[in-house]
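*Asks:* Before I ask anything, let me first share the structure, which is written out below as structure tokens.
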């Protein structure tokens, strides 16, 4: 049986997959991708029936800059996925190869009608995405991790699902420096106040979404009594072992004292999880998660090589059981998933360039994960996240 090689390219990324002859005929006559859900991929960057395998198995083009991480910068411009069909199996150098058929697929991160508003008030630096319509709608404070900068594409996706989403920058980045700017919990409280006071936001329906260090911030916000209480939390690949009593600069200084104890693998990739393990043995490091009074969805991958997410999840469960609020906790651990659990169909990034905040040192950080299992975690967790947010922010029948 003849085989076809489907090549998909997006800027510096490419993908290959061998498909049965049946799929070749379908593509050449209809230029459609619907058969991906039915036909079996026999080889290449993935195998089996994977409707979105063409996207999640993207890899860097050979010879491109090493340790790149594919991330969407401008959400108003779609990713353009160039899909071409070639006769027989060809090697990676396919730029000049003649194709039997080709098409371009657009992948958008924002729905029609969603508006983007830059926020620069009361010391807050972020971007607010609002769904179309008069509102009010539930709000979400979107917190990324210790890599810093203003990351917008998840907030844009959340707004596309009906939430007023504030992507908040709390670690400033620039060409020559990365700075915490003396940020403390009051900064995040100001961001929550901004959301609650916005005329298009339902001020009693505010959630917090954190990834990596953003998880630590979210847990500190929720556990800090007598301050703003979110309605629910979504926490991915993070830990409660980072207690914020002062500025984030103090917190990172404490963490980075031990970065010299990092492990280095055979590819010179940095592994952080090992030196973070002792933090769980010291109660003074831990957020008092027993104080949390809202539902918490905790997601982690058991191959996370950057943070102690799985161990933290187990410890948090024990702490919340002791405090009597374990009924608020939902934990999902994904086998063979790594640290960077992003929205679905994002290419799996097992390692990438990273600048250590205090040292201004560029390293290649190992995040972990196996491509197929990690990609499943991204797809499955996103659906569960949307269900969780709808239940606790939209459903009027939600009860603790």
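Each Cβ is built from the backbone N, Cα and C atoms, and glycine gets one as well.
Pasting the feature list from TrEMBL:
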- 212: active site, charge relay system (ACT_SITE)
- 304: active site, charge relay system (ACT_SITE)
- 339: active site, charge relay system (ACT_SITE)
- 183-394: domain 'BAAT/Acyl-CoA thioester hydrolase C-terminal' (DOMAIN)
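How buried are the listed features, and what sits near them?
*Replies:* Under a cutoff of 8 A between CB atoms, and with a sequence separation of 6+ in the same chain, the neighbours of residue 212 (active site, charge relay system) are 144, 145, 146, 236, 237, 238, 306, 307, 339. When secondary structure is read from DSSP and collapsed to three states, residue 212 (active site, charge relay system) falls in the coil class.
Here residue 304 (active site, charge relay system) comes close to 237, 273, 310, 337, 338, 339, 367, 368, 369: these same-chain residues lie at least six apart in sequence, with C-beta atoms under 8 angstroms from its C-beta.
All protein chains considered, the CB of residue 339 (active site, charge relay system) has 28 other CB atoms within 10 Å.
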